[in-house]
Amino acid sequence: MATLSFRNVKKTYAGNVPVIHGSDMDVADGEFIVIVGPSGCGKSTLMRMVAGLETVTEGEILIDDKVVNTLEPAERDIAMVFQNYALYPHMSVFDNMAYGLKIRRLPKDEIRKRVEAAAQILELGKLLDRRPRALSGGQRQRVAMGRAIVREPKVFLFDEPLSNLDAKLRVAMRLEILKLHRRLNTTSLYVTHDQVEAMTLAHRMVVMYQGVPEQIGTPMEVFEKPASTFVAGFIGSPPMNLLEVAVGGDGIVHTSDGIALDISPLAVPQQVRGRKVVMGLRPEHMLLNAQGLAAEIEMIETLGSEQLVHGRCGKHMVVVRCSTRQFSETPARVGDTLTIGPDGRHPLHWFEADTGRRVEGL
């Protein structure tokens, strides 16, 4: 196990194209960090620099307080699990898992001991003689993880390891990775674009945006107090509703196109009064037929136990997430107009109109 640190890490490609603009972060011994963000945000580049597959343009990466910028990947004592399993098709499961150890010339008895121990953890004991073509997608990914485990590295790196699996298998493998970390307690860095993976696996999340860590915190910290409109719109499914509003000195709120919101002034903090800001409301923290604003229903998504009601309020689209039982009590159809608003039990979110950052103190 080990600590992992980033000190003003930057990456620029040929042609002076910046990808990582300066990352500072400390990963504690045994911590599971998930880097999440949209395509092109720099999350995989950051991981590849840790692995030694990309050079660091500026700054330092430290493993156990040792700068590793110039070390070869094999010298960093890390193990990486990729999106593609990258198994040797002509080798058995045992030989795939043992290959890296054979290259390092470990004794045969030690190799067998490590492979069999990893196979027991991953429930691969009965599959060690099979070739990859005889395995399911989930089994192949477990073999790839086993190949990393047997190395007994200081740091595990996971680069979107579940992206090629179907939805049901992804859920199962998330649980496998969670149990694996609890058992091994190895420092881990996990990259994904899937916020569900990030929320369920992470001790702390790093939300990346345009090459910069936009917010670092526990999953609930990021969900409950997003640092910016980007984070608010990225974390959460459906994402947070964001309305451009003008707040009067008396706490009365109007949308940017002049629609009055029937919200109690008591719910409007002093820091935003007399200002133009962005107001955020989580879809699950809103109610149909509640005080707020009128919305014309444009679409209804039926998800079994839940309904997603999409409504238009002037130029803004708003989504309400409610139970099917609650929805059945509101005989609304596409084209109908009804009032929607906050449930009064959860605070509203407020962001600066110009920067998108969360209003200080809120």
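Cβ from N, Cα, C; glycine included.
Pulled from Swiss-Prot:
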- G37, P38, S39, G40, C41, G42, K43, S44: ATP binding site (BINDING)
- 4-235: domain 'ABC transporter' (DOMAIN)
Least surrounded among the binding-site residues, given as G37, G40, G42, when other CB atoms within 10 Å are counted: G40
P38, S39, C41, K43, S44 as binding-site residues, winner by CB count within 10 A: K43
Neighbours of G37, P38, S39, G40, C41, G42, K43, S44 excl. site residues, C-beta within 8 Å of centre, ATP: H193, M208
Stretch-averaged pLDDT - the domain 'ABC transporter' (4-235): 93
